[in-house]
Every structure is written in structure tokens, then in C-alpha cells.
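Database features, via Swiss-Prot:
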{"type": "DOMAIN", "residues": "9-245", "note": "domain 'ATP-grasp'"}
{"type": "BINDING", "residues": "LYS46, GLY53, ARG54, GLY55, GLU99, SER102, GLU107", "note": "ATP binding site"}
{"type": "BINDING", "residues": "ASN200, ASP214", "note": "Mg(2+) binding site"}
{"type": "BINDING", "residues": "ASN265, GLY322, ILE323, VAL324", "note": "substrate binding site"}
Amino acid sequence: MNLHEYQSKHLLKKYNIPVPASEVVFNPDAAVDAAAKIGGDRWVVKAQVHAGGRGKAGGVRLVKNKEELKSAVKALLGTRLVTYQTDERGQPVNQILVEQTSDIARELYLGAVIDRASQRIVFMASTEGGVEIEKVAEKSPEKILKVTVDPAIGLQPFQCRQLFFGLGLQDLKQMRSFTDIVMGLYRLFTERDLSLLEINPLVITGSGELICLDAKINIDDSALYRQSELREMRDTTQEDEHETMAQQWELNYIKLDGNIGCMVNGAGLAMATMDLIKLSGGDPANFLDVGGSATKERVTEAFKIIASDKNVKGILVNIFGGIVRCDLIADGIISAVKEVGIDVPVVVRLEGNNAQLGAKKLADSGMNIIAAKGFADAAEQIVKQVGVIA
């Protein structure tokens with residue numbers, strides 16, 4: 001789960017991590033009130049979306065008076081911001097962060113992530129702040145400093161100092177501030193079950209202060225059950241509606257750009273199914289794993305999600321009956337085709353537990369459901385059917 005910048009900074013403040021004074025607003029008049037509360041004569045207007053690259057897309061603007069402020073907020077609210085991290089439709093702008101300006105002398109990068117290779121938290125820092133860290137990693141990986149946290153003892157102050165001096169910084173007052181910030185970020189990361197935390201940029205002001213100018217936080221979805229405060233921060237308007245619907249039924253769904261819908265039980269089999277569709281000349285429209293405990297209801301909902309994608313021209317169901325019974329899957333398929341009114345070709349491959357009974361139910365249903373003879377045949381059949389439609 002992702003947080004907006006204003007939500008991330010709200011958490012940072014709880015851990016005594018310095019951020020600029022700011023207010024989130026939902027209409028232009030509130031922006032003027034927010035500016036008066038913040039003070040000063042210049043402000044930064046930031047569109048709140050779950051995507052990077054806002055500045056280049058016009059989603060971050062410097063305003064020099066309250067008339068410009070009101071105009072900028074009015075121009076952004078209710079629009080969809082398209083950045084290099086969004087699709088062509090962009091993300092809806094429903095909130096604006098009005099923030100005080102900062103006297104920036106230097107921009108740095110600071111982040112933390114769970115490294116799957118070492119199975120530990122890794123803190124990263126770079127002198128290349130204010131730019132996409134992915135580009136730095138690609139072009140100049142030597143500019144990214146890393147320290148790995150031993151989970152038995154946690155992050156240590158000497159590791160913070162190691163990053164500080166590695167960034168070419170020397171001032172002792174800044175060293176203490178930097179150490180406090182990194183230690184605070186570590187507490188935030190571990191106590192709130194984060195999977196990603198980025199401060200980009202961490203700025204040094206003209207007066208030598210360190211301030212977190214932007215913040216990005218991702219939370220481990222598997223830990224949300226114990227993070228009630230963070231659960232309330234979820235903004236489903238920033239998420240794909242199909243993926244949101246799938247989560248409600250505990251379905252693992254990821255939308256893709258193809259036209260062949262896939263419904264499979266098991267993540268490995270689902271990926272193999274997509275590979276075989278590609279090898280057969282087709283393009284998968286999604287990854288959808290109904291899981292090992294698939295029920296008739298979940299299969300029906302899975303069909304609804306796939307069918308709601310207007311790009312889908314055919315559906316391939318690939319089920320291996322280990323834990324799940326193929327006859328129950330067949331019941332779900334029949335129910336879904338009737339209820340949803342599927343008007344595209346459906347190819348089904350059933351193998352394993354009660355596969356013959358499931359195939360018989362499909363054959364006796366009287367519906368236009370194509371039974372495949374095997375894995376490869378299923379992929380070839382659906383690609384052929386979709387090709388006929390195209």
C-alpha cells in the first residue's frame with residue numbers, strides 16, 4: 001500500500017523528523033487559508049498522486065502570491081496527472097499540499113528498502129538527490145552508498161555516520177542531525193512495517209539545516225492487519241479498480257496490456273501460463289491467481305474482474321486440481337458465464353483432482369466453453385480463438 005506525500009510527512013513528524021511546514025487542502029479557498037497559517041510570501045503547490053515525476057509533469061509549482069496560489073490549486077484539483085510512472089490516463093488529483101519554500105543549498109538522497117538477497121533492511125544514501133534514484137543506479141551505481149542493518153542489534157549510530165561522511169559532509173552539528181534523522185527513519189520503517197521509504201530530496205538549507213523535502217512510503221500489505229492507523233490512509237482512487245476489487249476477494253490480480261484474460265490457481269502456474277500464451281503468439285491481459293482454496297464464489301468474482309476489462313477478447317482458465325477440486329471450479333465457471341454473460345471465447349484446461357467430472361460438467365452445460373486437451377493445447381486454442389475475433 002502506498003501513501004501520499006502529505007500522509008508520509010505526517011508520519012515523519014511523529015518520529016521528530018524535520019519536514020517543511022505544510023497543509024493539505026481540497027479546494028482553492030482552503031489553500032489561501034493554509035498559506036496564511038504557514039506564513040511567508042511564497043509557497044510550493046504539490047499535486048498529491050501515487051506517482052513520481054510530478055515536477056516535470058506540472059504537478060509541482062512555485063507560487064509567489066495568493067492569487068497565483070489559488071489559480072494553481074484550481075488548475076490542478078480534479079484533473080488527472082500523467083507522469084512517466086502512470087499510464088496514459090494518469091492519476092486523479094483530489095488533494096493538494098501547500099508547503100513553505102525552502103532555501104536549498106544542497107540536495108541529497110536517503111532511502112531504505114528490504115533487500116531480498118540479504119533478507120535485511122538496507123539504507124541507501126547518495127549525493128544525487130532530487131533525481132530518480134533508478135537512473136543513478138543504472139548510470140552511476142558507485143554514487144549510491146549502502147549500509148545493511150543486522151536485525152539482531154538494529155541500525156547503529158556509527159552506520160549513520162558512515163553514510164554521512166560518505167556523502168562528503170563534515171559539519172558536526174549536521175552529523176548529529178543526520179544521525180537523528182536516519183535513526184528516526186529506521187524506527188518508522190520497523191514499527192510501521194514499511195517495505196520502502198524514500199526521502200528525495202533530503203536538503204541542506206542555506207543556514208545548514210537538514211529537511212526532508214519529499215517523502216515516499218510503501219507499506220507491506222501483509223502487515224496491514226496490525227497497522228490500523230495506516231489502513232485508514234488508503235486511497236483507492238489511486239489504485240486500479242480491478243486490483244482493488246480482487247483484493248476484496250483475496251485474489252492476486254495484476255492488470256497487463258494484452259487481450260487474453262487468464263484465471264489460474266497458483267502463482268507459478270499463472271506465470272507459466274502467461275509465458276505459454278506469449279510463446280503461442282498471444283498477449284495476456286492479466287495475472288490472476290485464484291489460490292489453492294478457490295471457491296465457486298471466488299471463481300465467479302474472478303470472471304467478473306476479467307470480463308470488466310474491455311481489452312479482453314478471450315479467457316483461458318488453467319486449473320491444476322491439487323487442493324482445489326476441478327468439479328467445483330467447473331461449477332464456478334458455469335455460474336460465472338451465466339451470471340456475467342461472457343460473450344468472448346472461454347478455453348478451459350482442467351487437470352488433477354476430479355478433472356474428468358469437471359470436464360463432464362462443462363460439456364453438459366450446453367455453453368460455448370472449449371475444453372483443452374492439455375496445457376499447450378489450451379494456449380494454442382485461446383490464441384486461435386482471439387485471432388479469429390481480431
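All residue numbers here begin at 1 and follow the chain in the order shown.
Placement of Cβ uses the backbone N, Cα and C atoms for every residue, glycine included.
Annotated features taken from Swiss-Prot, shown on the structure.
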| residue | record | DSSP (3 states) |
| --- | --- | --- |
| LYS46 | ATP binding site | strand |
| ARG54 | ATP binding site | coil |
| GLU99 | ATP binding site | strand |
| ASN200 | Mg(2+) binding site | strand |
| ASN265 | substrate binding site | coil |
| GLY322 | substrate binding site | coil |
Applying a 10 Å Cβ distance cut-off over all chains shown, what neighbour count does GLU107 (ATP binding site) have?
17
In whole Å, how far is ASP214 (Mg(2+) binding site) from ASN265 (substrate binding site) when you measure between their Cα atoms?
40
In the structure shown, which of the binding-site residues SER102, ASN200, ASN265 has the fewest Cβ neighbours within 10 Å?
SER102
C-alpha spacing of ASP214 (Mg(2+) binding site) relative to GLY55 (ATP binding site), in angstrom:
12
Using a 10 Å cut-off on CB atoms, tell me which of the binding-site residues ILE323, VAL324 is the least crowded.
ILE323
Of LYS46, GLY53, ARG54, GLU99, SER102, GLU107, which binding-site residues come within 10 Å of ILE323 (substrate binding site), going by C-alpha to C-alpha distance?
none
Over the domain 'ATP-grasp' (9-245), what is the model's mean pLDDT?
94
Cα-nearest neighbour of GLU99 (ATP binding site) within the listed binding-site residues, ASN200, ASP214, GLY322, VAL324:
ASP214
Need one number for the substrate-binding residues ASN265, GLY322, ILE323, VAL324: the maximum pairwise CA distance in Å, whole number please.
10
ASN200 (Mg(2+) binding site) versus binding-site residues GLY53, GLY322, VAL324 - nearest by Cα:
GLY53
DSSP-derived class (H/G/I helix, E/B strand, else coil) of GLU107 (ATP binding site):
strand
